[in-house]
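So that you can see what the record holds, here are the features copied from Swiss-Prot:
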type: REGION; residues: 62-123; note: region 'Disordered'
type: COMPBIAS; residues: 86-96; note: compositional bias 'Basic residues'
type: REGION; residues: 239-374; note: region 'Disordered'
type: COMPBIAS; residues: 255-268; note: compositional bias 'Pro residues'
type: REGION; residues: 311-369; note: region 'Interaction with FBLN5'
type: COMPBIAS; residues: 313-332; note: compositional bias 'Pro residues'
type: REGION; residues: 370-574; note: region 'Lysyl-oxidase like'
type: DISULFID; residues: Cys395-Cys401; note: disulfide bond
type: DISULFID; residues: Cys448-Cys497; note: disulfide bond
type: BINDING; residues: His449, His451, His453; note: Cu cation binding site
type: DISULFID; residues: Cys481-Cys487; note: disulfide bond
type: DISULFID; residues: Cys508-Cys518; note: disulfide bond
type: MOD_RES; residues: Tyr512; note: 2',4',5'-topaquinone
type: DISULFID; residues: Cys555-Cys569; note: disulfide bond
Amino acid sequence: MALARGSRQLGALVWGACLCVLVHGQQAQPGQGSDPARWRQLIQWENNGQVYSLLNSGSEYVPAGPQRSESSSRVLLAGAPQAQQRRSHGSPRRRQAPSLPLPGRVGSDTVRGQARHPFGFGQVPDNWREVAVGDSTGMARARTSVSQQRHGGSASSVSASAFASTYRQQPSYPQQFPYPQAPFVSQYENYDPASRTYDQGFVYYRPAGGGVGAGAAAVASAGVIYPYQPRARYEEYGGGEELPEYPPQGFYPAPERPYVPPPPPPPDGLDRRYSHSLYSEGTPGFEQAYPDPGPEAAQAHGGDPRLGWYPPYANPPPEAYGPPRALEPPYLPVRSSDTPPPGGERNGAQQGRLSVGSVYRPNQNGRGLPDLVPDPNYVQASTYVQRAHLYSLRCAAEEKCLASTAYAPEATDYDVRVLLRFPQRVKNQGTADFLPNRPRHTWEWHSCHQHYHSMDEFSHYDLLDAATGKKVAEGHKASFCLEDSTCDFGNLKRYACTSHTQGLSPGCYDTYNADIDCQWIDITDVQPGNYILKVHVNPKYIVLESDFTNNVVRCNIHYTGRYVSATNCKIVQS
């Protein structure tokens, strides 16, 4: 009886187990390949010694066509390194801009050309500036949202965001203005408002190790996540050194940098921080105006005030400068043999500093006058004869640079003129600028040469007989424009051949090459023989100079009728 009862119970258990297995197999067969809790694909790679894993619960091949929202798979990125705990919460954080889907687009698509962002192509939410991804504890939050059948059966749009409101860094200063918004936020106002909210229930756990299943898990109600992790920094691998802690930086100035008002301007409105003069020590009263401050004052003010060693953006003490000098009338140099009035030597020295046309004078006691000196070697170096037709000398004929026979009625354009060409270089070795004597509004414009003539007679060119000293050729008055062609080392070019800046600076040269118009003497009617070439600069002494005995150059000329040679060029008194 007992044996029969036991065998009956055993048979019932066997049939019950078979029935359970059969029912479970029938229920698992329809969804056998779509278990969302099973990882079906695994991709592993190694970067800098760290192993990363990408897991996918979906199938490897996805058929074409719209996919149902129930068949969405999960993707998980594991193996991100654990952030070191030593990094402070105030360290700079990395921002990540996820892509927001447009209506009718799959969440993985990006829109090129519609919104550019420093993080790459794609849509950016309106709060991308105020959200930080990740923190020093190695935790991050993400959310997922699945839009169900937008626009009547279109593909489901998936948006993944790694932004979390709990990790927003609150500034330590009071907020006076709202956060600035990106200019392209208005393009996406038709989004689902639910996609802009944050799901506080989703938590992404970063694993402690680098293995595949080392505790990496994601729990989401929607079942579709894209936990994008920021790239690991160098110090997170243990190879970096301890970084200094810096205060957090936001869109507004940190409280550690308070506003400093600018210093008040000096009373006279002049910046005297770099006004030290190399010539001030030689003037009388320098020690009284600039007493020796001593080492204590130098340390207090940052250096010797006489040398302008003041801290940046600071005004020097007003007592370090002497009182301003009263403006004196300009000194007009005139040649007079009258005796100077009492105290005239002192007054003349002070007036000479403001002399007309005086710019550079190392000697403060001199009046400052120019001194023109022609170069005899330059004239002798390249003197030659040129034959040219009259039609090619029309510009020179307008300026009266030819002999009188060139203007005769019987002269034709095919007549040949013989020209004695030579260069000229004049140096101003004085202590003041050589300026034109004519006012600027009276300068003469020559349209053929396209420049202004600021002087009527700058040079005279004459050819004299070597035996008698008489003129054998009709020279002319060269009225070129004055300019600084070249300058000695340490001198700057300040004048040019323009309508308002003509002159000759001290230490500079006004050069006229032998191939320019009017740099010649017309010797068409001169017979071969020995002659003297005379070049006279500032011939009528209209502009006052410090020395008039060095303005003339004489050269011995031997003319054969075919060529010419110049010898023994030197400076003479007249």
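Cβ coordinates are placed from backbone N, Cα and C, and glycine is handled just like the others.
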Cβ-based neighbourhood (8 Å from the centroid) of the Cu cation site, residues His449, His451, His453 excluded: Glu444, Trp445, His446, Gln450, Tyr452, Phe480, Cys481, Cys497
Cβ neighbour count (within 10 Å, all chains shown) around Cys518 (disulfide bond): 21
Cys555 (disulfide bond) versus recorded positions His449, Cys481, Cys497 - nearest by Cα: Cys481
From His451, Cys481, Cys487, Cys508, Tyr512: recorded positions whose CA lies within 10 A of Cys395 (disulfide bond): none
Surrounding CB atoms that lie within 10 Å of the CB of Cys569 (disulfide bond), all protein chains: 22
Number of Cβ atoms other than its own within 10 Å, given for Cys555 (disulfide bond): 20
Cα-proximity to His453 (Cu cation binding site), 10 Å cut-off, over disulfide-bonded residues Cys401, Cys518, Cys569: none
10 Å Cα neighbourhood of Cys569 (disulfide bond): matching recorded positions from Cys401, His449, Cys497, Tyr512: none
Site with most surrounding Cβ atoms, counting all protein chains shown within 10 Å, from the disulfide-bonded residues Cys395, Cys401: Cys401
Those disulfide-bonded residues listed as Cys448, Cys481, Cys487, Cys497, and which of them has the most Cβ atoms within 10 Å of its own Cβ: Cys481
Candidate recorded positions Cys401, His449, Cys481, Cys487, Cys497, pick with smallest Cα gap to Tyr512 (2',4',5'-topaquinone): Cys481
Cys497 (disulfide bond) and Cys518 (disulfide bond), Cα-Cα, nearest whole angstrom: 16
Three-state secondary structure, Cys395 (disulfide bond) (per DSSP): helix
